[in-house]
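Below you'll find the structure, written out as structure tokens, and then a few comments.
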């Protein structure tokens, strides 16, 4: 877009300034092309004319919108240039107190010169696992990114920390290493991470020193490789060092110090072990006093010495070696004090018995004379001879200093070597992260060889940095498929070539060092001759011939040639080294060993690592061998080689850059010097990064982010479903120049300034919308004001008109009242007259109508009677006529029939004479007779039916006549009542007249009484008014007195309450602190205990030899659990001592109750044995049946019939057993009970009779089953009879119906005889039947037989199929019946309370089996399965309803049973006293049913000692919490364990109690150790442990725990042992489980919290998306993988439901919920405090909404009183702080009073981080923040910034007794505890 569009009025620009570097100004006039001057106004209000450069005509840099200022990433700025970067850093550093800022891939760190609370372990935990762009910039974020990329990409990483001295490089590297050590941890127990961190104080003491710029400046470069294994845990480290500044050992500039270790030694000289070093104050030594500043403010060198020694010890450097190091260092100090005296100009001497030299020789263990000689002489070797030459004083001093430097360098390398040995790991290294802490670009007034090497290294690093940035940009463009255009960036390869190429500066320097007479001047001349005027980067100073200038990437630097050759050669006399090598002090020769021995672990090995920088001594010319080769390497050559290897290492890794900036030279906290900052930004390459980014497309948006941000610029028609196309269409309209943006695959790329232009359009659009809203609101307000005034006027008018209307209405009312009075009086008169007339008329009418009615009634009655007479007469006449006619007709018929009969008789007589004819027809006649007989029977039935109908009709007729008669009688009665009523009416009228007279008399009396009452009323009112006045006065006095009393009482109570509340709060705090301390100690103890167990297991695995305590695993143990049963056996054998049986010398007398119980147990075992035998027999029968199926069909049926007969016999025997048991029970009852008790009316008799009836009903059911089986057997026998003849089968089938109809035995017999004769007869039917009638009948019968036979065959086949299915069902029913019988027998033994639970458990198992069966059955048809599931759910609901009903009835019956039991007890006591034994014997025996001895069950469980491991295994180790929680009562394992403990207590077996409790506790610990990350498991065992603890308290026998027990529960209390100590152990175990539960839920919740509470937009559209930089943040739009608030609520619901299912105590659930909410609040607040982008007004609204949803969840679960809401108070107040006004002093006061749950540091941090999302919001001013700090300075709170998210509230376990009776508990078979018996 054109410049005229951007440089408009009010646009803000940056202009250069000599002091502030850049100043902000505002345009007063639009810029037009061709203008030479811009009219500007500075921020202080001064007008300025800014002239444009006539050549370039470049306009000043535009300023970014305020909304983009203070961004975390500089690349998010729309205008990327130097002033924008500088201003953004300044705002963040000064206003927001933020020292870290991203610049693309670089982290810019500004040294605050102040300790900040942002490096604690809580901050490390907050950054751990987070994406780099999701959190505010931090060194921890860079370290986390490197760690994450190492694990994700499996590529080594490097963190390159660079900057000036004093910029904070060492501290940044130290924090990065601390982060790795904290996050990853070590793979072994050698505490490698502590060793890595311990190397820092050692290296700082020997390699750091105070300079004018920094109190702890690193005077060497180091590259630390931190090694990791395959699980990315630290296994070791390795260190390389570069270019130690040795000259500092012998010389320090003003206000500087030597290395720290020398001053630490001097400060610790008074220690007894250091007396032999003969040290003193640092000012006594030449090497430590030159700088004149031996003390650093705020640093205690003695303490630092202690830290250094401690670090050496941790790294494995022994005390002897440490003292050796200190001896050498002390020797260097004493060597520096050696003085020389000149004999002449060419020689010098040392004074005799010179104390410093003698101390040096004593410490070094060398000969004094020899060392004295070679300090003043040197050896010269020629080709033929060797000369010893004295040296001058200056040469001797230089040689002494060179020796000191050489010794220190060797000692430095030796220490580094040992540090690397200590950090070396035997485990193979999988990957590493390197931390490079190297010197930044340096330029001083005098720059020498050290500065040259440092700047050379920075040139190489800058080249690598540029290439990496360029590569990343190129990869981004290629990934997004954007056309790649070559970006021109500064390449410093020519400068590097100038230094290191052939005939370069280093090459010429090495060549000059080889010359015998080479000097610095000759080397300078060679440089001028080689490079001057040939290389543009090399220059010569005008006024010097001993210096040269190099144009580096950062700046021009002038180097002085003096000292270059000497420092490069690093000359030391070989004779002095020989003297040191011959030392008696063993450690000293180690420093001067050959290369292959003295080499460091970081030397060039097979892994390609570089050696440490080794400094060489120049040899004499004639010395041959390897030593001569060693001294040929110059310092420059070594440094170049090590630098090349470093660059290879960095290029093989993924680099991460940290650029440290020094804000000022005076070390003032939070003071920003723009000039110094710009110099460093240019030097460290940050601006070059910006320039590369700005040359392309620096601003990048995803399509979704662009749409969300600039949706306001789109119209509704522009919005399409495709976001990408929508953005394209909008951008083409908004930005016409298509070169200003590019569309990638997932992002839109913008040129510099385009985002600012879009922000301007957006702000204009929002401003226009805001103006429209303001206009509308102002109009609405004015209209509202107008309407209010209008309403007031209307109200006034209304009241005036209302008054007038009321007056007129009053007049009309009076007029109307008079009219109404008149009306009613006239009406009354007229109505009275009318009533009299009407009454007379009615009387006349009634008499007249009555007379007429009676006449009409008589007439109708006469007519009716006449009609009846006529009806009967006419009927009689008709009947007589009909009878005569019928008689005549019958007579005629008789005559005719007689005639016909006579004719037939004649024929019959003729036929009767033929006997043969009679015989032929005889058979047919029999059948016809039978048919006729049937017809006669049918006619008789019809006749009977008709007779029944006739009788019914007669009955109906009689009833109707009766009804008519009753109606007639009723009418007659009503007529008589009407007559009586008329008489009553007349009498009532007379009474009314009398009453009217009485009424008039009472009215007159009433008037007189009212007059008297009025007079009395007036008198009383006067009296009452007087009394009221007196009463009011008295009340006022009383109230005044009461008020004084109340106020005094209030003051007293308030003071007392305040004191009480304060005291209670203090006591509660003390208690909680003590409890928390104890629980933390317990947690630490459990951790150490687990570690001890792990070490023990590792030892056993390493040794691989079974210990004596190891036992073979029980055969009942499953193979699946072998992974932990081995260790459990070992631990248990260690924990539980071997016990021996007690000697049987003391024989206890026999306990009859115990004997009876054992006898009962024997019988139960026999029954179990019998059941097992029956089961075995049944299995054998099944096997036989499966074999028999292979045989023929008849054999199968015979086997089945035999099985059915056996089953029938079995059922009959069971019935006999039941009868016998019934008789025995009756006998027992009659023998034991009194006659009165067993009387028919007694309650006990009724109970027993009910049981008797139930048993008899069961007997009847069994009989019916027997009958059914018998009928099935009969039918099966008939079905399998052989078919001899088809005719027989057919005939029998045909006659089946006829036989069934023949009821008489004689008829059946005759029919059978006739059938036999018919079958025997073989006469031809054609001969017998002449007319063919019988033949036709026979043929029809045959066809019918064939048809019936075919039908019979089909029915037979279907019958056989059905019979097979029914047999299978019968078999399953039989098995079910057997199982039901067993359950019935078990249930009969149970008490009534437990029967319901047992039946319910049985029903559940049955439904489960059914469910599994139907799942298999309908696996292929999901619809059928779904319908079955629905029906199953309905059945379950019905069962639940039935269960509730049964529970209610059971409760009622229990109450009744208790009442009856009391009555029975009273009766038994009273009757047993009155009845003698003889009478009892003579009483007749009554057969009564007695239940089994349920009351004998005492709620105890017995097991054998050898079954203890099996009990623990089945009940704890192998128990699955989910199945137990769903199917069984909550806390069942705890109840079972306690019942076992009760039995051991009952037996008084202390060893058994101790063994069981110890095994239980150890097993629970094992389960939690194995499955400790499963929330269900931990919750289940926390619930059961608490229940076990409550049971031990409830049944302990202590009065405090027995208050809520029933009398039966009190009987179950422990009698022999006090388990208070074990209660404490269990309480500790519960605390450990609770803490583990908290850790588990924290691990589950932690990934959800930040995403759900902060990042996800619960209220869509409230939060605007701001421009982000290179490191994109997590999108707030919910993807499929992101967590939302609903995810958190679902997880909370899951936790709550699991805890409720496990029956956890409600108070404990509240504590868990409180802890969960604390974790949510703490993590959310901590992330809010570390994320600048989250601190906005809209995000505060989102947080408050999310918190309200959490509170709603608490309300739904009735947990508002759990204290969980209070834990969210800091988060709520932080959200409110984001939303309140932050301008005036009143706002500050409101904030201080509102944010009482936040610390001062947190409030200030939120205010500093507050960032407007839109331009209409304002930033918080610095003055307002200072006002807040001033108001809060007196508040005493923690200086800690973040909340402790790992904090666990101290847990308590309030006593919660159980109402469940122990004797009612049933042990399900699913637990596999069959070896336990109930006692």
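Including glycine, each Cβ sits where the backbone N, Cα and C put it.
Whatever TrEMBL says is automated annotation, not expert-curated.
Within 10 Å of the C-beta of residue 167 (ATP binding site) we count 25 further C-beta atoms, all protein chains included. Residues annotated as ATP binding site in TrEMBL: 163, 164, 165, 166, 167, 168, 169, 170.
What TrEMBL lists as coiled coil is 915-1105 (among others).
The coiled coil annotation in TrEMBL covers 1338-1390 (among others).
The coiled coil feature in TrEMBL is assigned to 1436-1463 (among others).
Annotation comment: TrEMBL describes 600-610 (among others) as compositional bias 'Polar residues'.
As annotated by TrEMBL, compositional bias 'Polar residues' applies to 1116-1127 (among others).
Residues or ranges marked as domain 'Myosin N-terminal SH3-like' in TrEMBL: 8-60. Secondary structure of the domain 'Myosin N-terminal SH3-like' (8-60), assigned with DSSP and counted as helix (H, G, I), strand (E, B) and coil, comes to 0 helix, 24 strand, 29 coil.
Taken from TrEMBL, the feature domain 'Myosin motor' covers 69-763.
Regional average pLDDT for the domain 'Dilute' (1558-1834) in the model is 86. What TrEMBL records for 1558-1834 is domain 'Dilute'.
Taken from TrEMBL, the feature region 'Disordered' covers 599-634 (among others).
Annotation source TrEMBL lists region 'Actin-binding' at 643-665. Non-local neighbours of the region 'Actin-binding' (643-665) in the same chain are 89, 93, 103, 105-113, 139, 142, 145-146, 149, 153, 155-164, 166-169, 172, 176, 213, 223, 240, 242, 434, 436, 440, 456-457, 460-461, 464-465, 468, 604, 608-610, 671-673, 676-677, 680-681, 684-686; each lies 6+ residues outside the stretch with a CB under 8 Å from one of its CB atoms.
Annotation source TrEMBL lists region 'Disordered' at 1106-1127 (among others).
The region 'Disordered' annotation in TrEMBL covers 1171-1193 (among others).
Excluding the listed site residues 163, 164, 165, 166, 167, 168, 169, 170, the same chain places 111, 214, 217, 440, 660, 662 with Cβ atoms within 8 Å of the centre of the ATP site Cβ atoms. Around the Cβ of residue 168 (ATP binding site), a 10 Å sphere holds 25 further Cβ atoms from the protein chains shown.
Assigned with DSSP, the residues of the region 'Actin-binding' (643-665) fall into helix, strand and coil as follows: 9 helix, 8 strand, 6 coil. Residue 166 (ATP binding site) has a Cβ environment of 21 other Cβ atoms inside 10 Å. When the binding-site residues 163, 170 are scored by other C-beta atoms within 10 Å, 163 scores highest.
Listed in sequence order, the residues of the same chain lying 6 or more apart from residue 169 (ATP binding site) and placing their CB within less than 8 Å of its CB are 161, 162, 163, 218, 437, 438, 439, 440, 658, 660.
Each of the binding-site residues 164, 165 was assessed for Cβ neighbours inside 10 Å, and the highest tally belongs to 164.
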